[in-house]
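Feature annotations, courtesy of Swiss-Prot:
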- GLY100, GLY101, HIS102, ASP119, PHE146, ASP169, GLN176: S-adenosyl-L-methionine binding site (BINDING)
- SER358: phosphoserine (MOD_RES)
- 1-22: transit peptide (TRANSIT)
Amino acid sequence: MLRYPYFYRTYNRLFSHFVDSGASNLDVCPHTIHTAVALHTESKAVEGTALCGPQKVYSSEEKELEAMAKLHIPVMVDQVVHCLAPQKGQVFLDMTFGSGGHTRAILQKEPDVMVYALDRDPVAYAIAEQLSRLYPTQIQALLGQFSQAEALLMKAGVQPGTIDGILMDLGCSSMQLDAPERGFSLRKDGPLDMRMDGDRYPDTPTASDVVNALDQQALASILRAYGEEKHAKKIASAIIQARSTYPISRTQQLASIVAGAFPPSAVYARKDLLQRSTHIATKTFQALRIFVNNELNELYAGLRTAEKFLKTGGRLVALSFHSLEDRIVKRFLLGISMTERFNLSIRQKVKQTSQLDSDQETEERHSVRAPLKWELIHKKVLTPEDQDVQDNPRGRSAKLRAAIKL
């Protein structure tokens, strides 16, 4: 059953420390288990820093990709374009190309721009490649993770401090959720996979590997840290009990196991922001997806890359879909360390200090404080308007933060 014994040992060594220090404490453990697995992989995919990607997309596949792209509705697209404010001759980086909705909107607003279209998903990369053939001087497709973005950009000839606007549309795309074979959705049965990179890295653990290999305490830690699941112990116990009879390999199989740990009345008792019933396993699926794809560490790496490649006055727009993502984005823009317990910005700390310390001590603290690196475009986070939610209910939990690099 344990297809990845090294994965199991490395988890016990790294993740327990990661959880103890806080789910968003990225300074304490900047590399999770996935880094260690990659170092001990004998069969690796094509290097993520290569500009080449999947094999050529043929006409029948092109039609399918085009249909997928048309079905996807980009989240808060008007607000995104407004915040990026594209101007003639500017350069943009879409770090989560997906099906290209936001990139298309940027080009519709201002055709005379260059967009580097990055995505870790080979399917999204294929769509970006297809679109780049229609707009060869406006779009260049890049295949890779956030942590590989710097090398990809340098290889493409993009120097630090030269990009005018960067977009990050975080989380799982509708395209991934709607493909049962990808294993992201509990509503459609498929293999319990959840790897955003697809088969590019064959030895990367799948969600099935996680639920079949880790012990109860480890599983509960993942559900609690990444799904903010208050019933983490109960769900982990149900998973352990079920897998002792048969391996857990399908999405709806896992959903049924989680549901079986609760009375029938509780399975759809939770409500989303639209007051619609949600399945009790939703947070479990979120937690596994975040863990499998190392999403929080990748997000932090992506934010650091964005800061490095944006020019002074360049704009960063980040769309997040749950509190863990939003907390990291907020702290990064406000200059708050990921190890801090409270979300106090540098400016707030200085103000707090001035109320408590003497004038001399305050002056000393002012002289050593870190400079602010971002100016927020909006004081408060933006959320979807009613029409946005009506057009795209999946984007109901979106939070948009935008800032200008100082």
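The backbone N, Cα and C atoms fix where each Cβ goes, glycine too.
The structure displayed is predicted, hence computed values, not measured ones.
Feature annotations (Swiss-Prot) mapped to structure.
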residue	record	Cβ contacts under 8 Å, 6 or more apart
HIS102	S-adenosyl-L-methionine binding site	PRO74, VAL77, VAL80, VAL81, ASP94, LEU167, ASP169
ASP119	S-adenosyl-L-methionine binding site	THR96, PHE97, GLY98, TYR125, ALA128, LEU142, LEU143
PHE146	S-adenosyl-L-methionine binding site	MET95, ARG120, GLU298, LEU299, ALA301, GLY302, THR305
GLN176	S-adenosyl-L-methionine binding site	ASP121, ARG182, PHE184, MET196
What is the Cβ neighbour count of GLY100 (S-adenosyl-L-methionine binding site) at a 10 Å cut-off, with all protein chains included?
26
Assigned element (helix, strand, coil) containing PHE146 (S-adenosyl-L-methionine binding site), judged by DSSP:
helix
Span of GLY100, GLY101, HIS102, ASP119, PHE146, ASP169, GLN176 around S-adenosyl-L-methionine - largest C-alpha separation, Å:
19
What count of other C-beta atoms do you get within 10 angstroms of the C-beta of GLY101 (S-adenosyl-L-methionine binding site), across all chains shown?
22
Protein Cβ atoms within 10 Å of ASP169 (S-adenosyl-L-methionine binding site), excluding its own:
25
For ASP169 (S-adenosyl-L-methionine binding site), the three-state class that DSSP assigns:
strand
